[in-house]
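Following: one structure in structure tokens, then a few remarks.
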Amino acid sequence: MKKSNPWFVFFWITLLVIVLMFINFARQGGNEVELEYSQFKQHIKAGSVFKVLVAPGLIRGQFRDGDGVFKRFKTVPMDDPNLVKDMEDNKVLEFSATEKSGWLGSLLLNWGPVVLLILFCFWMMRGMSMGNKQAMSFGKTKAKLAVGASKKITFKDVAGCDEAKEELQELIEFLKDPARFQKLGGKIPKGVLLFGSPGTGKTLLAKAVAGEANVPFFSSSGSEFVEMFVGVGASRVRDLFDHGRKSAPCLLFIDEIDAVGRHRFAGIGGGHDEREQTLNQLLVEMDGFDSKEGVILIAATNRPDVLDPALLRPGRFDRQVIILSPDLKDREEILGVHSKKIRLDNDVNLNVIARRTPGFVGADLANLVNEAALLAARNSQNAVNMKNMEEAIDRILAGPQRKSRLMSDKEKNIIAYHEAGHTLVAKFLPSADPVHKVSIIPRGPALGYTLQLPEEDKYLTSKSELLDKLSILFGGRVAEELVFSEITTGAQNDISKATGIAMRMVTEFGMSDKIGPMALQRPNEEVFLGRDISRDARHSGKTSELIDEEVKNIIYSSKSRASKIIKDNVSILNKIVSYLLERENLSGEDIDKIIKGEELAPLSESSSVDEETKKKSTVEKKVINEKVIIS
């Protein structure tokens, strides 16, 4: 319900008071001339009275004085039975009589404004009182209570992360039957910290624990504790734990706890920082409540490195559960959970989709299924097919297609050679991931892309794999140089990635023969976390020169490998470009056939490439076959 504006109410009350006062003033007569009754009779006989109102106890009217000025008058009536006859004889234009007014009307007109002013003052004081109550409510927690929800989340709704479920199963058993643990003298963890990459399902897992245990679930965000008023955060922490004790057994969940639990400052800002006060109160509360009370705190973050050590010590967050990105088996299970909500065609293979989505977390997979459903609905399909799933993967990885972007034939050739260079180098390097798809259709910010997908989940990367990745990144630039004797800005992102990989190989991974296994680069930590007030150099200037030299050697040697592969396979490069300009998309199987010297099957009539594109690609194919590659 919309609250009324107090100034709006104030305006109307003031206006009403003014109107009543004006009416009362008009009723009292304002600047009226008081006449004796005899004078009143004389004016009637003189014919100067033209309006008379006879009321009980008072006569009012208007007359014209000797100067011809109209004036209002009043007089006290006498017992005069000839008054009406005299007014008729002297042609008084207007005269009337009124009945005796009631005491209620007189009281309203006389005391109404005063009563309204009193009521207005009372209303203002009441508003101030409510304002004080609202100010006091700042200290109340904003945690949302979920109990007996119609859509209860359980472990069946959380696919994958089996190890995390096992770690949390003890909490569920304790919340269901705390006496079994207390009888043996065991103590259940007071707090559990869930940490992992964004989108891995930390919040969903916490809700599933509450759903499995069937206990109240208070959920809050770390940012909700800190407000503009000092002391509000600490008050909300106290109120949250008070609610938990009253509803025990229950779960308290704080999402993104790094917003309030960051490492305390090293004297900067003093001890009165609001976030620090809130953290101190949280530490006190976690010490103050006993695990026997049946209140368990679960927190989630994707930045455990910035949390205060006092928050992570035993007795507070006793158990820390890492939620890893799902592997192949987990991804297939997650896809199965989300695909239950949509209608799938028979050609959809969730195992194939899971293999094509390495690195995808739960949120990415949920988005993939939803994107595929939207694409199917856009095409008025009855079910989601495999083509929709593959297009959804491309949209997530590279962005939506930008078919409306018009490019000249020259730029299209450059992009085709650039992507063909990446593809060719990737196919001839032993440690490179297989090429899944290459396209010259603009997607998102990219004008074209080469998609490589690993055959299995990897947790380690070898030096040879990194060197091959560098050569693949330079494949596009090398192809441009050899074919057009010109370089463009299209390789900007490739060069940036390659430089970053080479720098980490030298300074972090210890993969330089000259420098050796030394960590020369400080990890990515934020300044002012109470750990480092200033950055100090971890190596000398001479070592910095050596680092630059080693990075340069790695980059140039990788580029030379890419150049040799492309020069030795110019004919294959031209064929890949020819088919790319004709079809715009090539699969990994198509690339394998081209390298083997096989011809690709002609485009079907239902292909999305129109006749004009086919004619243009034929002309471009002739130009490509006649092009001379400069060694």
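Backbone N, Cα and C atoms are what each Cβ position is placed from, and that goes for glycine too.
As the structure is a computational prediction, the values presented were derived from the model and not from experiment.
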If I go by Swiss-Prot, which of D345, D347, D494 binds Zn(2+) at the same site as H418, H422?
D494
Work through the binding-site residues one by one (H418, H422, D494) and name whichever has its CA nearest to the CA of T203 (ATP binding site).
D494
I need the nearest neighbour of G196 (ATP binding site) among the recorded positions H418, E419, H422, D494, using C-alpha distances.
D494
Between G199 (ATP binding site) and D494 (Zn(2+) binding site), the C-alpha gap once rounded to whole angstrom
27
Of the recorded positions H418, E419, H422, D494, which one has its Cα closest to the Cα of T200 (ATP binding site)?
D494
Rounded to a whole angstrom, what is the C-alpha distance between S197 (ATP binding site) and H418 (Zn(2+) binding site)?
33
Could you measure between H418 (Zn(2+) binding site) and P198 (ATP binding site) for me? Cα positions, answer in whole angstrom.
33
Recorded positions listed as E419, D494, least Cβ neighbours within 10 Å:
D494
Round to a whole number and give the Cα-to-Cα distance in Å for the pair H422 (Zn(2+) binding site) and G201 (ATP binding site).
35
